[in-house]
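Listed features, source TrEMBL:
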DOMAIN    A:5-187  domain 'Ketoreductase'
BINDING   A:Gly11, A:Ala12, A:Ser13, A:Arg14, A:Asn62, A:Val63, A:Asn89, A:Tyr154, A:Val155, A:Ala156, A:Ala157, A:Lys158, A:Ile187  NADP(+) binding site
ACT_SITE  A:Tyr154  active site, proton acceptor
Amino acid sequence: MLEGKSALVTGASRGIGRAIALELAKNGAKVAVNYAGSEQKANEVVEEIKKNGGEAFAIQANVSSDADVKDMVKQVIDTFGSLDILVNNAGITRDNLLMRMKEEEFDEVIQTNLKGVFLTTKAVTRQMMRQKSGRIINIASIVGVSGNAGQANYVAAKAGVIGLTKTTAKELATRNVLVNAVAPGFITTDMTDKLPEEAKESMLSMIPLNRLGNPEDIARVVRFLASDDANYMTGQTLHVDGGMVM
Amino acid sequence: MADVFERVKKVIVDRLDVDESKVTMEASFKDDLEADSLDVVELVMELEDEFDMEISDEEAEKISTVGDAVNYINSIQ
Ligand SMILES: NC(=O)c1ccc[n+]([C@@H]2O[C@H](COP(=O)([O-])OP(=O)(O)OC[C@H]3O[C@@H](n4cnc5c(N)ncnc54)[C@H](OP(=O)(O)O)[C@@H]3O)[C@@H](O)[C@H]2O)c1
């Protein structure tokens with residue numbers, strides 16, 4: 001499905017990004033596995049891809065650093081010779097009630113979750129415009145659509161990502177670079193493992209499909225958006241949340 | 001090697017699909033050659049390839065006419 005394509009997945013050492021990297025590779029794409037600090041975890045993802053006959057390498061970069069991002073994108077293009085798919089997945093949470101939220105908590109989340117998407121998108125644009133083809137898939141969040149108490153920073157960043165997705169889609173449409181977002185609901189990863197049990201219970205009661213999602217539920221939708229099956233879609237945000245927000 | 005203007009002209013004619021006679025030193029990309037901002041960004045990228053050089057974003061923003069591009073390239077080479 002993605003044979004001959006090359007992909008960069010940010011934050012692919014763990015959780016959803018890891019599942020996306022594995023899914024794209026399983027479908028034939030060469031994958032650059034980005035991470036911030038978890039070198040070993042990233043190497044494990046690369047090993048798993050290679051074990052299954054795929055091509056991949058791990059690359060460290062902090063997505064909120066312009067210099068890091070530029071180096072990373074250059075290295076991916078030098079290694080693979082092209083860059084067809086970018087998945088902006090890296091993200092963090094620093095939850096707190098608005099009243100208690102510190103300026104640093106707000107800034108940190110915006111830097112990684114929103115500015116990181118801007119920097120990485122900007123860095124790949126030149127290559128994709130040259131190729132006259134490309135796919136950018138941004139991992140937003142359903143709370144970027146609905147709002148969520150305790151996550152003012154995160155929600156602002158994710159709503160920002162949805163807006164950025166639409167604008168990038170409009171700017172790059174004539175160059176056949178398609179830009180879409182996926183808004184996951186409640187997915188079991190390290191990010192959500194740290195939530196208290198009551199919070200998980202109350203989340204579950206809001207999910208019509210009555211189960212938490214797993215990273216593969218998101219990865220398969222990303223694979224669809226990266227494929228030729230999604231040729232006529234751009235600027236959209238797909239809710240993959242078990243029906244939480246309709 | 002053809003002179004810089006001729007090479008720039010060829011890139012423009014190929015890329016923007018305009019009549020050669022319209023491509024003068026004074027011609028403005030946006031007003032005379034019907035290029036949108038993205039066309040200009042792409043043209044700059046093609047000129048980088050043609051002349052094997054890098055044009056920074058700051059310099060690229062100053063390029064609005066064919067002459068601007070030719071003069072910039074001449075000043076570097
Ligand atoms: N889990 C959910 O329920 C859920 C719901 C909606 C949206 N999302 C979104 O889905 C994405 C992935 O979430 P997840 O649950 O898989 O998170 P996770 O398990 O905590 O993994 C986060 C990943 O992002 C990387 N990362 C963090 N900061 C980075 C930076 N500055 N530069 C580069 N990489 C960085 C981490 O790398 P290291 O391992 O090196 O730290 C890790 O690979 C995030 O954008 C998140 O907001 C998740």
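Backbone N, Cα and C define each Cβ position, glycine as well.
Note that TrEMBL annotation is computational and uncurated.
Looking only at other Cβ atoms within 10 Å, the busiest spot among the binding-site residues A:Val155, A:Ala157, A:Ile187 turns out to be A:Ala157. Note on the binding-site residues A:Ser13, A:Asn62, A:Asn89: the fewest other CB atoms within 10 A surround the CB of A:Asn62. When the recorded positions A:Gly11, A:Tyr154 are compared by the number of other C-beta atoms lying within 10 angstroms of their own C-beta, A:Tyr154 comes out lowest. Screening the recorded positions A:Gly11, A:Ser13, A:Asn62, A:Asn89, A:Tyr154, A:Ile187 for a C-beta under 6 A from any atom of ligand 1 leaves A:Gly11, A:Ser13, A:Asn62, A:Asn89, A:Ile187. Model confidence over the domain 'Ketoreductase' (A:5-187) stands at 97, taken as the mean pLDDT rounded to a whole number. Residues A:Gly11, A:Ala12, A:Ser13, A:Arg14, A:Asn62, A:Val63, A:Asn89, A:Tyr154, A:Val155, A:Ala156, A:Ala157, A:Lys158, A:Ile187, recorded as contacting NADP(+), have a largest CA-CA distance of 25 Å. Cα to Cα, A:Ser13 (NADP(+) binding site) and A:Tyr154 (active site, proton acceptor) are separated by 21 Å. A:Tyr154 (active site, proton acceptor) and A:Gly11 (NADP(+) binding site) are 16 Å apart (CA-CA, integer value). A:Ser13 (NADP(+) binding site) falls outside any helix or strand according to DSSP and counts as coil.
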